[in-house]
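Participant: Supplied in structure tokens, the structure appears directly below.
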């Protein structure tokens with residue numbers, strides 16, 4: 001089948017062809033994507049109320065002022081990853097109903113009854129099931145796609161299937177490279193520039209440690225990652241949590257997914273320092289956030305070890321001390337990756353509404369510096385922390 | 001083209017079809033392979049004296065008492081690797097004249113004027129150009145196929161192209177797993193068994209460190225490796241050195257190739273302790289061997305750094321301290337891999353003639369224990385050595 005771009009009418013026609021809806025007459029369709037990377041249609045049977053999401057990749061990315069071609073191969077990656085996730089963490093990702101790699105489209109579960117976690121968090125919404133759900137997501141995905149569980153040859157085919165050059169390149173550049181010098185693609189708060197020029201970009205020791213983390217991102221084919229696990233890739237409400245947008249999936253260092261989500265929670269934690277809100281509310285929300293970080297990591301670790309005890313296959317991993325070595329590696333690197341993603345959201349290309357919602361640029365700058373300096377501490381000292389509570393205690397002691 | 005197995009006549013017919021020889025009438029052909037893994041034909045024009053080697057993969061491996069199917073995909077890997085090597089280290093590998101992936105065959109330069117280095121070394125032959133040549137092989141292959149030089153996306157395609165599940169699995173099992181317990185495939189000198197049972201297989205700290213080295217072998221996609229770089233994969237004489245049999249090629253930890261060749265030189269060094277030779281000759285050859293190890297590593301490091309200074313592309317690797325981090329990683333892991341390959345040749349499936357040439361099983365046992373214990377020291381203490389001379393000094397002080 002030849003690729004063609006859908007519009008609302010064509011999307012309805014396409015869906016009817018698939019047989020996923022019984023009657024065409026009752027369908028309605030709405031395009032809700034931002035149009036930069038993908039088209040996203042919600043298609044609904046107005047009689048039965050049944051609805052689905054159709055996502056189609058566009059063959060380019062539009063970024064500020066330039067055209068950036070991007071192969072639609074990312075839809076194949078996303079569909080492949082959704083298939084694995086639906087086996088290993090059913091109920092924590094959208095169900096996949098249909099894929100068409102030629103058309104670069106997938107049809108999946110409509111999750112519009114949930115809200116984007118990032119938007120909830122800038123409104124101090126709490127997600128009481130989040131740490132339980134995400135720790136399961138991480139423990140299952142990262143254990144059951146690693147050499148601990150997957151047969152040696154199947155693992156190599158997993159690596160091969162998820163080779164994802166274009167999207168990995170984005171991460172390599174935007175997270176691990178551009179923020180450490182005056183790169184053209186950086187998106188810099190003018191009030192922050194002087195700090196970057198006079199202080200941040202002179203931190204060679206920091207850049208060195210980030211380059212070591214980049215080395216692992218480039219080379220360490222440990223587990224199948226989501227690859228972009230931040231609060232903007234999660235739909236949630238009080239009871240449900242769903243991870244989506246998994247087009248960055250590839251086999252990489254397990255710690256990257258863990259660190260990315262933690263870093264994004266810490267960004268939100270610090271962002272309140274720049275906002276005029278009731279201090280009691282801030283304090284309460286911050287307690288919730290650090291509890292969430294602690295819970296998330298502790299539960300992840302416990303569930304991962306439970307998987308290990310139940311399902312470990314590699315005889316080499318049974319030797320005394322190996323589990324400690326393995327878990328320690330993930331912890332140390334996760335702390336480092338948390339720092340790296342905090343930094344990239346301050347003055348790299350893509351920001352967070354958590355901080356960019358602070359309209360006063362001086363106030364925003366102060367928050368950005370707080371975040372940059374905390375991130376630096378995490379990265380430089382990552383091998384000196386022992387538990388996640390060392391991290392949350394440090395954050396609480398420094399910013400409250 | 002459908003795969004069919006060649007014999008001498010069919011090999012000549014095939015070669016004639018390729019046009020590599022002008023006249024069919026003058027050809028002669030001889031099969032010289034051991035028939036376990038591959039057929040190897042030398043085809044010669046008896047008038048012009050021009051000759052070539054045709055290697056065809058068999059769709060199985062014969063090991064003691066069982067049939068072990070193995071896909072002929074390894075010829076595709078070998079041909080792909082030969083193409084890369086002929087670009088990066090021309091003159092140090094056989095020239096590739098022709099490949100046919102369907103027929104699982106390659107036609108390449110005839111190197112029968114050279115001798116197998118392993119056989120030369122058990123006769124105390126010296127190879128004065130070896131350390132210069134192999135250090136160039138390692139420095140060029142390991143630098144120019146790494147993220148230091150290769151563009152991010154091309155690197156991912158390199159990884160994908162060289163996914164080599166079956167051959168990697170052999171290394172994972174035979175080097176990193178089987179020797180550490182009483183595995184069925186082990187090939188054990190009966191006189192050594194009691195040492196293994198009462199001592200060696202109880203060394204949990206050693207197995208742990210070997211499992212960490214296995215982890216890197218499983219996950220660290222750093223450079224395109226030869227994958228089986230021992231003295232039985234090298235043809236040489238006083239002036240020439242050619243690395244062949246590169247069917248184990250994959251993108252893995254750079255240190256593996258470096259460590260494997262060093263480990264094999266150290267096996268030869270210790271093997272003389274079990275042989276009745278003139279002590280002066282042994283001493284002289286041992287001085288040569290340790291000089292070779294020092295030269296090989298020091299030249300490798302210098303040439304790798306020269307490549308780095310001339311051709312580094314990744315901006316992240318330019319930060320102060322990164323080169324030291326990178327080279328240190330290779331050194332420490334190479335020491336560990338040297339130890340691991342020494343151990344596997346003592347009581348794993350595949351042995352070396354260097355030690356198995358000692359016919360008295362008690363004497364062989366003594367040498368095997370010397371090697372196992374030196375290897376253990378290397379592996380356990382690998383992070384405590386600073387330079388290759390620390391290693392060679394240790395060897396000289398312990399065994400002379």
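From the backbone N, Cα and C atoms, a Cβ is placed for every residue, glycine too.
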Participant: According to TrEMBL, B:38, B:109, B:110, B:111 bind ATP; so which of B:23, B:55, B:126 is the extra one listed there?
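Facilitator: When TrEMBL describes the ATP site, the candidate it includes is B:55.
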Participant: Of the binding-site residues B:38, B:55, B:109, B:110, B:111, which one sits closest to residue B:344 (substrate binding site) when you measure Cα to Cα?
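Facilitator: Nearest in space to residue B:344 (substrate binding site), counting only the binding-site residues, is B:38.
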Participant: What three-state secondary structure does DSSP assign to residue B:344 (substrate binding site)?
Facilitator: helix
Participant: Across all chains shown, how many C-beta atoms besides its own are within 10 angstroms of the C-beta of residue B:228 (substrate binding site)?
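Facilitator: The Cβ of residue B:228 (substrate binding site) has 20 Cβ neighbours within 10 Å.
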Participant: Which of B:38, B:55, B:109, B:110, B:344 (the binding-site residues) has the most other Cβ atoms within 10 Å?
Facilitator: B:344
Participant: Whole-number answer please: how many Å between the C-alpha atoms of residue B:110 (ATP binding site) and residue B:228 (substrate binding site)?
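Facilitator: Counting only the Cα atoms, the answer is 20 Å.
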Participant: What kind of secondary structure is residue B:228 (substrate binding site) part of, going by DSSP in three states?
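Facilitator: For residue B:228 (substrate binding site) - judged by DSSP and reduced to three states - the answer is coil.
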Participant: Please give the maximum pairwise Cα distance, in Å and rounded to a whole number, for the ATP-binding set B:38, B:55, B:109, B:110, B:111.
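Facilitator: Result: 17 Å between the two most distant Cα atoms.
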